[in-house]
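A.B. asks: Got these off TrEMBL a minute ago, pasting:
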TRANSMEM  15-35  transmembrane segment
TRANSMEM  83-104  transmembrane segment
TRANSMEM  116-140  transmembrane segment
TRANSMEM  214-237  transmembrane segment
TRANSMEM  269-295  transmembrane segment
TRANSMEM  301-319  transmembrane segment
TRANSMEM  331-349  transmembrane segment
TRANSMEM  355-376  transmembrane segment
TRANSMEM  397-420  transmembrane segment
TRANSMEM  440-464  transmembrane segment
Amino acid sequence: RSQESRERLSVCSKLCYAVGGAPYQITGCALGFFLQIYLLDVAQVDAFYASIILFAGRVWDAITDPMVGFFISKTPWTRFGRLMPWIMISTPFAIISYILIWFVPDISTGQVMWYLVFYCAFQTLVTCFHVPYSALTMFISREQSERDSATAYRMTVEVLGTVLGTAIQGQIVGKVDTPCIQSPFFFSLTNSSVAMEELNMTHDTESLTDTRNAYMIAAGVIVGLYVLCALILVLGVKERRESSEQSDEPVSFLQGLKLVMNHGPYIKLIAGFLFTSLAFMLLEGNFALFCTYTLGFRNEFQNILLAIMLSATLTIPLWQWFLTRFGKKRAVYVGISSAIPFLITVVLVDSNLFVTYVVAVAAGISVAAAFLLPWSMLPDVVDDFKLQHPSSHGHEAIFFSFYVFFTKFTAGVSLGISTLSLDFAGYQTRGCSQPDQVNFTLKMLVSAVPVGLILLSLLLFKLYPIDEEKRRKNKKALQDLR
């Protein structure tokens, strides 16, 4: 009891820790929901090159996670800790590269390289923030209950971060009418004069400039929040050193990686959430296009996204209560599978705004579970690893960074393939409408494929061995070991 009392975290500490998760989610949500449509319709990058930018950026983002994990494992302890210096140093460079992603350079050639370079640069720098922040979970307390509680705080703030990212980007950009181009068939039916065409072109150019300015304003607001949250995290959280890590001897990364990758519960957990992550990444990356073109809600998609994220934010406490009462594995089955009927409904029901909002609110409940559960279950795997390898320590960053690596890498592949699929289907840049093949492809990308991936993930979770009884035994064994 005395040990548990010393490890107990105050509400203020949990809140300061939780706020640190917001920058990654705010920027990630803005990029995930809006970068594809921004590159296609605002920066006017060809769909093929847009797919290269999205694919390469995501893959590079995935590669940087184990790289950063490696360098963190080699980082000596400082008076600020081992993880905090990474967060402090990466922040100013990250906000500069983020702003430049949403800037349209006035260059005739090299535009694709511009977005590729700054997208990859930002992904690297935000990884230098998020990997140490994720591993910090293991260094704020050694008590499972306190870590789970802090994780629930964190997930609530992170989902709130997605709401902020969606609201800031969506509402600022949504207030500007992005011009679209009618189909060639429409132009063939009109006999407007050359003067009228020039007038329309001038109006479109001014509207497009307003849209680009709106994206820059949104980026400025978001980086302001990024800096504020980073300051609260650094000033409000103390990184605690494990008693077993009093020596600054360097950790063997390759040996640690081999041990981690041979740990069965970790591999099974990764496999399950890998396909769950793929499903939600596909939905996230294509939902703005789906609402704009397939459902025809060009001026409502930002509000629909906001409804999903608000619903997710409000239901995080519900899932925290559920996993505490019924166990984490059961929460996975109930939470993840609850998305399936709503993903099917949104494409089968005719375009109806009320139904779409109802489906969005219901889908947000499942999104909350997908946010909370991986980060709540990863510390359990790390504890199980410590019991099996009590003499091996300092591998927390490997666990968290490689989990993110696998999810990001596959998400990058899927997002690149989905953008290529739209290109092959005949996507029309800045079109007011899209061909039937594009609408069919969008339906597959936000419904059929995610449903199949979710079903596969649920089958894989049957193999995950750490249930509630196993968790209790591990907790007692770790207390005895300490």
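Note that Cβ sites are derived from N, Cα and C of the backbone, with glycine treated the same way.
Bear in mind that TrEMBL entries carry predicted annotations, made automatically and left uncurated.
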A.B. asks: Under 8 angstroms, Cβ to Cβ: which one of 15-35, 269-295, 331-349, 355-376, 397-420 has the largest number of such pairs with the transmembrane segment (301-319)?
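C.D. replies: That would be 355-376.
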A.B. asks: Using Cβ atoms and a strict cutoff of less than 8 Å, what residues sit near the transmembrane segment (15-35) while being 6 or more residues removed from its termini?
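C.D. replies: Those are 9, 54, 87, 98, 101, 119, 122, 126, 129-130, 133, 136, 140, 150, 153-162, 164-166, 168-170, 173, 215, 218, 222, 225-226, 229-230, 232-233, 235-237, 281, 284-285, 287-288, 305, 309, in sequence order.
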A.B. asks: By a Cβ-Cβ criterion of under 8 Å, what residues six or more beyond either terminus of the transmembrane segment (214-237) are in contact with it?
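C.D. replies: Same-chain contacts beyond the ends: 12-13, 15-17, 19-20, 22-23, 26-27, 30, 34, 38, 42, 84, 87-88, 91, 94-95, 98-99, 101-103, 129, 133, 136, 140, 164-165, 168-169, 172-173, 175-176.
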A.B. asks: Can you work out which residues elsewhere in the same chain, 6+ from the ends of the transmembrane segment (331-349), have a Cβ less than 8 Å from its Cβ atoms?
C.D. replies: 272, 276, 279, 283, 319, 322-323, 355-356, 359, 362-363, 365-370, 373, 443, 446-448, 450-451, 454-455, 457-458, 461
A.B. asks: Hey, which bits of the same chain come close to the transmembrane segment (355-376), Cβ under 8 Å, at least six residues off its ends?
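C.D. replies: The answer is 134, 137, 148, 151-152, 154-155, 158-159, 269, 273, 276-277, 280, 291, 295, 297, 304-305, 307-316, 318-320, 323, 328, 331-332, 334-336, 338-339, 342-343, 345-346, 349, 403.
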A.B. asks: May I ask for the residues of the chain that lie six or more residues beyond the transmembrane segment (116-140) and have a Cβ under 8 Å from a Cβ within it?
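C.D. replies: Distant contacts of the transmembrane segment (116-140): 9, 13, 17, 20-21, 23-24, 27-28, 35, 52-53, 56-58, 60-61, 64-65, 68-69, 72, 81-84, 86-87, 89-91, 93-94, 97-98, 100-101, 146-147, 150-151, 154, 230, 233, 237-242, 375, 378-379, 382, 396-397, 399-401, 404.
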